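Encoded as structure tokens, the structure appears first; notes follow it.
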Amino acid sequence: MWCLESRDEVVPQVGASIAMLPSGMRLLDQLGIVDQVREGAVMHENDTIWTGGNGSEKGKKAVPARMMRAPLGGDIEYDALGGKGMEHGEKEVVVRCENGEVYHGDVLLGADGTHTFVRTEMRKLIEKKDPKLLDKDKKSLQPCRLDKKYTAPDIPRFEQADADAQATEHVDFVVRGTDGKVTLSDLWKRKKVGGLQCMDGGHHEHWTFGRIACFGDFVHKVTANALVELFDGQKSSSESQNGNAKHQNGSTKQKLSAKARAEFKAVEEALQGYHDGCKDRIKEAVKGAKAFTRIETFATFFNEMFVKYIGPAMGDLLMDIFSVGMVSGPKFDFLPTPKKSLGCFKGGVVANGLLSALLRTVFTGREALVTFMMPFLAAFTPSMAGLGGSGLAFKNHGEGVLDDYAPQRMQALSFLTDYFAFNAIWVIESCRRGNIWTLARIPVVFLLAAQLYGIGVVAPIYFFLHYVQIPSTKFHAADNRHVPIHLVKAILPTLLLGYVATTIVMYYPTSSISTLQAWNHIWQPFPINIAILHGILSSLPDTRREDRKHNVKGDLVWLRLIYFTTAFASSAMWIYTLLASPTPLFQIFFSRMLNRETTFKKLEEGMRMFLKYDELFCFTSGVIWVLLCFSDLKREGRLTAGWRKVVAIFTGMTLGLGPGAGLVIIWWWRDEILTRPGMEE
């Protein structure tokens with residue numbers, strides 16, 4: 001196996017540095033060269049941590065990170081490799097160099113950087129087999145604005161003068177940790193190599209073919225500030241070595257002869273295993289690096305809010321995520337794992353050690369209750385954790401990584417906020433004097449049924465019964481529309497405490513998955529909690545007899561407060577979903593709904609579609625119910641506005657402020673009409 005490097009030096013000095021993270025140090029320890037690395041590396045003198053900076057994170061890293069200049073790291077690794085080439089018989093890969101030398105081998109590893117000879121030749125072979133395989137690699141774009149059109153090799157690059165000008169602007173910048181004695185100017189004067197680095201990032205879809213494989217900058221490149229490039233370069237290198245070792249040792253672990261010929265199929269399978277083994281991890285690294293860069297630069301309003309308010313409140317979560325990445329990092333399978341790298345993980349923490357915590361098995365200690373609640377808990381876990389979201393693998397969520405902008409999570413948050421409006425309307429109708437002796441008086445029954453069978457099933461039944469049992473003619477007497485003040489005063493506090501509070505903590509972005517599941521366990525019986533809270537909070541003096549005669553409109557101020565609050569919450573969540581979601585709203589709420597051939601291989605996929613249908617049936621039946629109620633008002637002459645106006649207002653509110661806000665505002669309008677005797681003005 002030959003490792004091809006196109007330049008004169010293995011690792012030329014270009015001003016770059018390498019951050020050897022704990023997982024990388026473990027690889028070097030396996031190779032027996034970690035002590036050499038320590039001799040030429042610089043240890044961090046101190047770390048700045050915003051919150052919880054008590055050194056607790058130190059126990060999670062068996063081998064501390066080291067910083068070194070790039071050539072030193074490469075030279076050590078290169079010099080430590082014993083044989084620099086092997087010949088394996090007649091079926092081989094041949095490389096002819098510019099100096100006339102010819103190299104023969106079973107495997108060619110391209111390590112010659114971004115502008116690579118190996119990549120060019122490999123792509124020629126791929127195109128001969130199937131040109132479509134390279135479509136994604138060829139069509140990837142990085143948009144930027146320049147003064148005119150440029151083509152290679154004349155594409156503008158940063159020059160040394162640009163770096164000097166940038167440094168001149170910040171000559172008085174004080175280097176932290178030097179007591180104000182060292183400035184950027186002092187460092188710049190003593191530099192050996194310095195320049196400006198483009199914050200580019202991306203990855204290729206194909207980097208192996210036949211007996212050829214690439215790794216390093218050709219495979220992926222991330223923004224330099226994210227400190228993950230070498231981390232995943234190590235992943236590439238270790239995976240390729242693992243695949244090669246597996247090929248040499250055979251599936252039966254029987255050692256082949258040193259002169260045995262490497263079959264093409266075996267080599268191809270080994271290199272494909274290397275490709276598949278690190279593809280997903282590289283994609284996540286590039287994606288995370290891009291997000292990290294945008295957070296650092298306050299690229300969006302939400303990035304700024306994260307840095308100022310969310311990040312400092314996350315405690316150990318970020319360090320836990322980092323530690324999980326280190327623990328599950330690459331290692332050489334054919335070499336023993338150094339005991340030192342396992343020192344801080346003797347307690348049983350392994351790469352996927354938290355996966356079993358995804359669905360908690362114990363909440364109350366009562367097996368029957370836990371068994372009953374488990375399906376409901378499992379149904380909400382995908383949306384709480386953002387499973388099936390922006391390309392994150394399922395295993396990552398078992399490790400505590402939440403995807404706040406996953407389509408299913410965004411849809412669930414919007415739906416549950418709109419559900420707040422439904423609850424408000426149903427509770428108000430249960431308290432209205434004219435609705436006595438109707439099923440609308442017991443919303444707890446419908447809400448509990450909705451928890452068991454889905455609001456999309458129960459809401460149409462409720463709206464049908466409400467329309468049949470409570471015609472608008474009931475409200476010709478003004479006191480029938482009246483909601484007793486002692487009851488209406490308690491509705492908003494009841495909903496805020498019994499529903500909104502538990503919903504917020506159930507989806508709080510900085511909580512661990514197990515904590516979110518615990519809150520979901522508390523949230524599930526919210527209909528009962530609302531009934532109990534409303535009974536307690538409404539224990540005020542009952543003035544309904546006096547209000548019916550002298551203060552029949554006294555409830556309006558409280559009703560308006562409820563309608564405004566619920567409409568504001570629903571519209572705010574709708575607008576947030578519109579602005580923050582990485583995917584279009586149509587995809588969040590309606591994608592794949594009309595495809596009868598859709599199959600679901602994972603729980604999160606099925607639950608996402610269930611919530612879409614649940615919301616669709618719920619709001620469709622709500623729209624029909626409202627329009628029927630307005631039709632009755634129109635027929636009685638209490639509504640003079642035309643249907644175009646009614647439909648336009650309803651549609652505009654629904655599209656602009658969301659379905660929950662649209663429904664509660666139109667129902668608010670109906671309540672205002674009912675307060676006026678005779679014709680609407």
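From the backbone N, Cα and C atoms, a Cβ is placed for every residue, glycine too.
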Of the ranges 256-274, 351-369, 522-540, which one does TrEMBL list as transmembrane segment?
-> 522-540
Which sequence positions outside the transmembrane segment (522-540), separated from its termini by at least 6 residues, show Cβ-Cβ distances below 8 Å to it?
-> 373, 376-377, 423, 427, 443-444, 447-448, 451, 486-487, 489-491, 493-495, 497-499, 502-503, 506
Residues from the same chain, set at least six apart from the ends of the transmembrane segment (646-669), whose C-beta lies under 8 A from its own = 414, 417-422, 424-425, 559-560, 563, 566-568, 570-571, 573-575, 615, 619, 622-623, 626-627, 630, 639
